[in-house]
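Okay, structure first, notes after.
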Amino acid sequence: MALSLYLIAVICSLVGFTASQQTCDNDNRFCFPNVVANWIGAAEYCSRNGWRLAVLDSEQKQQQVEELAQRVDAFKTAKVELWIGASDLAREGKFMWHPTGLDVSYSKWIAGMPDNKDGYEHCVHLWYEPSRLINWHWNDVVCASMRRFVCEQA
């Protein structure tokens, strides 16, 4: 049994997952798996479960995610960071939606972002930290960092 748990932990770490894995149901367009992953791991997790990393390409979709996130008990903390499906991995400074290949046109960047700090920030996350007046804004961060994420029905 201990060996099985160890092997599961090793396999999960190889694809960038930690914590318990929960699938999303079809009751909502968006969901927040109880999984922590890097950006690639988050995209893979959503895809393997028939979803995609969230494409927030309109104010309406952004508001839907904000409203749903505010109902998640785990997010009633001082700081929440969630991966979404945008990055500039293909071309620096040109943010695209990974799941669709379309350019990011709608955005809700924090003032002064994206900034590609130190040349390593290529993936986008939603950031909620009311003490810093950050209210579900976007920020570019290092893709290898671990955080929860938002999946969307594909």
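Placement of Cβ uses the backbone N, Cα and C atoms for every residue, glycine included.
Of the cysteines C12, C46, only one is given by Swiss-Prot as the disulfide partner of C151: C46. Across the domain 'C-type lectin' (27-152), DSSP helix (H, G, I), strand (E, B) and coil residues number 30 helix, 42 strand, 54 coil. A 10 Å cutoff on Cβ-Cβ distances gives C151 (disulfide bond) a total of 28 other Cβ atoms nearby, all chains included. On a Cα basis, C151 (disulfide bond) lies 15 Å away from C123 (disulfide bond).
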